[in-house]
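**Student:** Mind looking over this structure? Questions follow.
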Amino acid sequence: MENKENSFDVIVVGAGHAGIEAALASAKMGMNTLILNINLDTLGWAPCNPAIGGPAKGVVAREIDALGGVQAKVTDETMINIRMLNTSKGIAVRALRAQIDKYDYSQRMKEILETTDNLILRHGIAKNILVENGKIIGLETELGMKYFAKVVILTTGTFLRGKIFVGRNTFEAGRMGELPANSLTYSLIKEGLEVSRFKTGTPARVRKDSIDFSKFDIQETADEPLAFSYWSQPRVLTKDYPCYLGRTNSKTHEVIRKYIAFSPLYGDVKLIQSIGPRYCPSIEDKVMKFNKDTHQFFLEPESKHSKEIYLNGLSTSLPFEAQIEILKTIPGLENAIIERPAYAVEYDFVNPIQLKHNLETKKIEGLFLAGQINGTSGYEEAAGQGLLAGINAALKIRGEEPFVLDRSEAYLGVLIDDLITKGVDEPYRLLTSRAEYRLLLRHDNAHLRLYKYGYKYGLLSKEQYEQLHRLENLINHQIERLDQIKVSPNQVNDILASKGSSKITQPVHMSELLKRSEISYTDLKHLDEEAVEEKEVIEQIDIHFKYNGYFQRMQDEIAKMKELEKEKIPSDIEYDKINNIAYEAKEKLKKIKPETFGQLLRIPGINPADAINLRIYLKQKDKIR
């Protein structure tokens, strides 16, 4: 029976990276929220690599921060090693990556959940979703408890019918040592959702004092102060927790081939039929698929409170005895003691083409999905989806318009649009190459792009909003000024010569000189009567003038695409009745049900002729809105 004790606005199932952000966003937006997790000691757990960030993913962590999420802030509080990646490359691919203390990170997340208003944390394994007349009304747990809600958000990670593989040994688990959620999948199927399976894997953890680190190349934390969150004070970390680079060799590969018949992936009996992540293959996949003499891997610390070292790049599902033998072939790991074996895990997911852009399922009103249940991989991708699902859950209950980020606004917009429009046939990972406007979606401008949304939805304070609003105004003011300030040859030619830049023969605007790759604002700052000192402002000035031509071309492309996004496609359209559209296109359109012509043109297999014929049909029927 529904009562005050078991009724909520929002229920979040799973307290991993997606679930935490979803629950916090919902609660901060005033929704009475319940979050359930199988194990209350592993909230926000890092079951694979103990790190946040990397190319594209590091930018996502910054975007989450700009929208009012907590992943970046907690990373800053618990990190033990941090570096800026791709500093020698273009600005579009630069990103932070930090090693977190996985125990401190999890504990800090639990503290935040337990001290947030409108939020209750509770143990529970979801068994069934409760649906009436196509609408979610709550769920039932394995203990027989029924909870009622206006919205349910599923963030189930690898726990849906999770199954672990170590060689030919298999057992049911969501993660090593943790119970799976075996019943929930059948409830989703019963309600009409299509469910498939993916697999992922994790490497062995070895004891720190059994490794000879002198045989590996050290990668220390950065010398300059760094932080993910705009609201954190950047700091220089101690050098106590470096990472190391290692390599496999021909002997390693011989051992892998010797045991390959016992692999659940390659053995005579293929125990694993599902697809794994393309960009994070197992070591046996690398050896069997790529003709290389060596493969690199990294040794990464997991915590200040543990001696476990994570072997990033040596993920495997080979038998335990094979794992021991593999390590003995690598100089520095000959005496390594494995504390936790590597394993693969297979799990259920829901193809995300069954979702709307707000992450609500098309078939069940009020049911939202976020994280690995949508076929993605990665903590950052999960956290971003969770945050957006939490915001949209609250907006749905309020009766307000959904919050949908455009592909030109954020990597999170690219992520969601890719999932909804293209679906997944392998675990999805965000890459810079997936973003056609990546030059606009940078690490350095994440907060300037998104802070207004964070404030609009009540996830950033007025003080935070005003701080970033002031910064944005200052940057724009300085850029306008530098377009007006003129400098003479006598003032700048010595500076230009010292930088290997051609001299000028007549006065020019300072902005003209700043377009040169070798000249920075710092070089000319003494000539500016209203010179600024803020590092962030100087960085944005330099980027603006050097890349503005590219920015303008992208903005023109975005304007054209937004015109297509304005053309809505009715949800009740009967594609089978339309002539002159290819059969393959009709099948995809019926399945995905694009909401706009812009989205339609991003569906693989849909050609411009199909779009033109659909537009003609809709105009004839007077259905273009």
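The backbone N, Cα and C atoms fix where each Cβ goes, and this holds for glycine too.
The following feature annotations were taken from Swiss-Prot:
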type	residues	note
BINDING	G14, A15, G16, H17, A18, G19	FAD binding site
BINDING	276-290	NAD(+) binding site
**Student:** Distance between C280 (NAD(+) binding site) and A15 (FAD binding site) at the Cα atoms, whole Å?
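**Tutor:** That comes out at 24 Å between the alpha carbons.
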**Student:** Give me the non-local Cβ neighbours of R278 (NAD(+) binding site): same chain, 6+ apart in sequence, Cβ-Cβ under 8 Å, ordered along the sequence.
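**Tutor:** For R278 (NAD(+) binding site), the qualifying residues are E426, P427, R429.
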**Student:** Out of the binding-site residues G276, E284, M288, give me the one sitting nearest to G16 (FAD binding site) by CA distance.
**Tutor:** G276
**Student:** Once G14, A15, G16, H17, A18, G19 are set aside, which residues in the chain still have Cβ within 8 Å of the Cβ centroid of the FAD site?
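**Tutor:** Not counting the recorded site residues, we get V12, I20, E21, A22, N37, L43, G44, T155, G157, A370, G371, A382, G386.
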**Student:** Which of the three DSSP states, helix, strand or coil, fits E284 (NAD(+) binding site)?
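**Tutor:** Looking at the DSSP assignment, E284 (NAD(+) binding site) belongs to a helix.
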**Student:** Give the residue from the binding-site residues A15, A18, C280, M288 that has the most other Cβ atoms within 10 Å of its Cβ, counting over every protein chain displayed.
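**Tutor:** The residue with the densest Cβ neighbourhood is A18.
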**Student:** Going by DSSP, give the three-state secondary structure for A15 (FAD binding site).
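**Tutor:** Where A15 (FAD binding site) sits, the three-state DSSP reduction gives coil.
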**Student:** Tell me whether G276 (NAD(+) binding site) sits in a helix, a strand or coil according to DSSP.
**Tutor:** coil
**Student:** Counting only residues 6+ apart in the same chain, whose Cβ is under 8 Å from the Cβ of G19 (FAD binding site)?
**Tutor:** V12, V13, I35, N37, I153, T155, A370, G371, G386
**Student:** What Cα-Cα separation, expressed in whole Å, is found between E284 (NAD(+) binding site) and A18 (FAD binding site)?
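**Tutor:** Each residue's Cα considered, E284 (NAD(+) binding site) and A18 (FAD binding site) end up 30 Å apart.
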**Student:** Can you grab the distance from A18 (FAD binding site) over to K286 (NAD(+) binding site)? Cα atoms, rounded to a whole Å.
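**Tutor:** Cα to Cα, A18 (FAD binding site) and K286 (NAD(+) binding site) are separated by 30 Å.
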**Student:** How many whole Å apart are the CA atoms of G14 (FAD binding site) and G276 (NAD(+) binding site)?
**Tutor:** 22
**Student:** If you count the C-beta atoms lying within 10 Å of each candidate's C-beta, which of the binding-site residues H17, K286 ends up with the smallest number?
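**Tutor:** Comparing Cβ neighbours within 10 Å for the binding-site residues H17, K286, K286 has the fewest.
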**Student:** Whole-number answer please: how many Å between the C-alpha atoms of F290 (NAD(+) binding site) and A15 (FAD binding site)?
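**Tutor:** It is 37 Å, counting Cα to Cα.
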**Student:** Taking the Cβ of each of the binding-site residues and counting other Cβ atoms inside 10 Å, which one has the highest number: G16, G276?
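**Tutor:** Ranked by Cβ atoms within 10 Å, first place goes to G16.
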